[in-house]
Each structure stands twice: as structure tokens, then as C-alpha cells.
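Q: Got a structure for you, written out below as C-alpha cells; questions coming shortly.
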Amino acid sequence: MDALNDDNEKFRLVSSNTREEAQRPRSESALSDRTLLNMSDSETEEKRRSGDLEKEGLVEQLPKVVTKEHATKDPYARAKILMWMFVNTLATVTIVFCNKAIFSDKSFSQCQAAFAAFHFFVTAATLYLLSRPAVGMFEPRKIPIMNMLPLAIAMAMNIVGMNVSLQVSTITFYQITRVLLTPIVAIINFFFYKKTIPRMAVYALIPMCFGVGLISYYDQKSAPVPGAPIKAVGALSVLLAFGSVTVSGIYTIWIGTYQRKYEVNGFQLLYNQAPLGGVLLLYVVPWSDKFPALDQTPAVMWGLILLSGFLAALINLSQFFIIGGSGPLESTVVGHLKTCLIVVIGAFSGGKVITDKAAFGILLALISIFSYSAIMMRHTNLASTVKKA
């Protein structure tokens with residue numbers, strides 16, 4: 001009898017809710033639906049306790065984060081995110097080796113500015129298409145050109161510096177020195193912006209710098225087999241690599257500053273700076289680049305250039321889906337996976353010999369960057385928990 005009375009009581013409550021819903025104005029109902037989608041986690045939990053979401057099974061259907069996939073109830077949303085992560089990883093690894101092949105050709109070794117401008121215009125065209133109402137990936141925002149000029153110059157210097165460093169260095173050395181971007185950003189933030197990181201994170205960065213130092217020195221050793229075609233990493237490569245990473249660190253910090261100042265996301269900011277950076281580089285090309293005889297350029301080289309542009313567009317496109325559909329942990333793991341793949345493939349390609357000490361330096365640097373990321377994510381989660389409390 002108690003169970004029957006409970007069922008009758010539930011029936012009366014549902015009937016009452018149904019009548020109230022029918023009597024509610026349409027605009028109020030629509031407002032409720034919109035509020036539901038914008039509800040924070042704490043508000044949602046409060047609603048769960050009060051039982052207001054029990055009707056029509058909304059308690060089970062409402063996700064903690066409402067995304068486009070949740071709204072459309074796409075059962076393959078997770079599979080699509082994993083697919084785009086795979087595409088992004090494959091494109092990023094491939095473009096490094098593709099660009100290395102282009103810069104290793106004497107005909108294009110002095111076309112750094114033109115090649116960077118080509119990538120900028122490909123990126124600008126990709127972002128323009130993704131911002132169109134028919135696609136609707138993001139809403140473009142205009143920022144005054146003069147305000148964007150310093151960031152566009154830094155972007156151009158960053159990309160050209162990376163290309164030059166890749167040209168004169170081995171792929172392994174180039175990629176492993178890129179992990180120094182993390183401590184350089186931390187140092188610049190500390191001295192110029194008075195921003196600090198946890199002490200354990202600082203300790204994790206020390207072996208990373210030591211590992212890169214080992215690679216910088218021992219990667220120059222000759223092969224044990226006389227006459228083996230080993231390309232040594234010289235002082236110029238080291239200087240360009242560290243200079244490139246320093247410029248990248250400044251550029252990275254400026255990106256965050258501009259995003260906060262103009263209240264835009266990364267893609268809205270890139271939408272403004274990519275075409276401007278490409279135009280600026282066109283003014284540099286006549287003074288810095290030396291073009292090859294176009295009629296003597298093999299078709300394979302033109303194919304590599306087109307492939308590089310396509311991969312750049314694919315990286316930008318896949319990044320949209322990764323940022324929108326994955327958490328910070330997944331994005332961090334994907335970034336480290338790309339670094340590991342490039343380092344490992346570069347170490348065993350091109351007839352190169354990796355000494356034991358250089359291999360130890362690579363392993364030390366990779367372990368350190370993983371440890372640093374884990375510490376920073378734990379610190380961020382703890383700070384977020386304390387703030388909510």
C-alpha cells in the first residue's frame with residue numbers, strides 16, 4: 001500500500017507539473033530552456049537537489065559542460081574528437097619533416113620569409129572560411145591594425161626564426177630545444193610580470209634545461225664509423241635555436257596579453273594577425289629571399305610546398321575541434337605525444353647516430369616536461385577547487 005500511495009503521489013506531482021507547464025507562457029518556457037543551457041555546475045547541482053529537473057528526464061540528459069555535440073546528442077562525439085587528435089598529431093609531425101625536406105634543398109634554402117608568408121596566407125584563408133556564417137566555427141572580431149602591428153611583427157619573427165633553426169639543425173635538436181619555451185616563458189613572466197609558478201614546477205624545469213644542454217653538446221659528436229654522413233650541430237645551430245625559442249617565448253606571452261586586453265580567443269586573434277603578418281613579410285622578401293629558377297624546380301618540390309600549406313590548414317582546422325571537445329589533460333598529452341614522435345623519428349632518420357649521452361639528454365628533457373605539466377595541472381585543479389569553496 002505504501003508503494004501504491006507513493007506511485008499515486010508521483011502521478012499527482014507529474015500531473016500538476018504538466019498543468020503548470022501548459023499554463024506557463026511560451027516565452028517563459030523558452031527562457032527556462034536557455035537558462036538551463038547556461039547554468040553553472042553549482043546551479044545545476046542545486047536544481048538537482050530541489051527536484052526541478054526531474055521532469056522529462058532532464059537530470060540524466062544534462063551534461064556538466066554543454067557542447068555542440070551534447071546539444072545534437074551525437075553518439076559519435078568522442079570518436080570524432082579522437083579522430084581530430086589523430087589528424088592533428090599526424091599533420092604536425094608530417095609538416096616538420098616536410099618543411100625540413102624543403103629547406104634542405106639549396107633552391108629554397110633562402111626563401112624563409114616567402115615560405116612563412118605563404119603559410120600565413122593559408123592560415124588566414126582557412127580562418128576566413130571557418131568564420132563564415134555557413135560554417136560558424138567562431139565569430140570574427142576586428143582589432144585595429146596599428147594595435148595588432150607589434151604582435152604581427154613578433155609572429156613573423158617567430159615563424160621565420162623557427163624555419164631558419166629547422167634548416168640549420170637536425171630535427172631532433174630542433175624539436176627538443178622547443179621544450180625550452182616553457183622555462184623561458186616562466187622566466188619572462190617572473191622578471192617582467194611578477195608571475196610565479198609552484199616551487200615543484202621550478203624543480204621540474206631544472207633537469208629539462210640540463211637535458212637540452214646535453215643534447216646541444218653531445219649531438220655534435222662524429223659517427224664512430226669513419227666517413228659516415230653525419231651532419232653535426234654547430235654553434236650557429238645552437239645560437240639560432242635558443243634565439244628562436246626566446247622570440248617564441250615573448251610571442252607566447254604577448255598572445256595572452258592581447259587575448260585579455262581585447263577579450264578574444266586564440267582563433268579570433270589569429271584571424272587578425274595572420275594576414276597582417278603575411279603582408280609584412282612580403283615587404284621583407286625582396287631584401288632577404290633569393291628565389292630559384294622556377295622552370296628548373298622539380299615537380300616533387302612543388303608538391304612538398306603544397307603539402308606543407310595543406311598540412312598547415314589541417315592543423316588549424318583540427319585544433320578547433322580539439323579545443324572545443326577535449327579537456328586540458330587530453331590537449332597536453334597530445335602536445336607531448338607530438339614532441340616525442342618528432343624526436344624519436346628524427347633520431348632514427350637521416351643516417352644520424354645518437355650517442356648514449358645525447359639519448360639520455362632527450363629522455364631527461366621529455367620526462368621533465370611531462371612532470372612539469374602534471375604539477376601545473378594539479379596546481380590549477382587545486383586552485384580551482386579552493387576558489388569554488
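Just so you know, glycine gets a Cβ as well, placed from its N, Cα and C.
Pulled these features from TrEMBL for this protein:
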REGION    1-54  region 'Disordered'
COMPBIAS  7-27  compositional bias 'Basic and acidic residues'
COMPBIAS  29-41  compositional bias 'Polar residues'
COMPBIAS  45-54  compositional bias 'Basic and acidic residues'
TRANSMEM  81-102  transmembrane segment
TRANSMEM  114-131  transmembrane segment
TRANSMEM  143-161  transmembrane segment
TRANSMEM  173-193  transmembrane segment
TRANSMEM  200-218  transmembrane segment
TRANSMEM  230-257  transmembrane segment
TRANSMEM  299-323  transmembrane segment
TRANSMEM  335-354  transmembrane segment
TRANSMEM  360-377  transmembrane segment
Q: Check the transmembrane segment (230-257) against each of 114-131, 143-161, 200-218 and return whichever range has the most CB pairs under 8 Å.
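A: It is 143-161 that shares the most Cβ pairs under 8 Å with the transmembrane segment (230-257).
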Q: If you count every Cβ pair below 8 Å, which range out of 143-161, 173-193, 299-323, 335-354, 360-377 shares the most with the transmembrane segment (200-218)?
A: 360-377
Q: Could you check if the transmembrane segment (335-354) is in contact with the transmembrane segment (143-161), meaning 3+ Cβ pairs under 8 Å among residue pairs at least 6 apart in sequence?
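A: These two segments do not touch.
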Q: Who are the chain neighbours of the transmembrane segment (173-193) in space, where the CB to CB distance is under 8 Å and they lie at least 6 residues beyond its ends?
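A: For the transmembrane segment (173-193), the sequence-distant neighbours (Cβ-Cβ under 8 Å, at least 6 residues beyond its ends) are 96, 165-166, 201-202, 205, 208-209, 211-212, 215-216, 219, 233, 237, 241-242, 245-246, 248-250, 252-253, 339, 342-343, 346, 361-362, 365-366, 368-369, 372.
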Q: Quickly jot the same-chain residues contacting the transmembrane segment (299-323) by Cβ under 8 Å, restricted to those at least six beyond its ends, or write none.
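A: Tertiary neighbours of the transmembrane segment (299-323) are 80-81, 84-85, 87-88, 91-92, 94-95, 98-99, 101-102, 105, 107-108, 115, 118-119, 122-123, 125-127, 130, 137-138, 266-267, 270, 330-331, 334.
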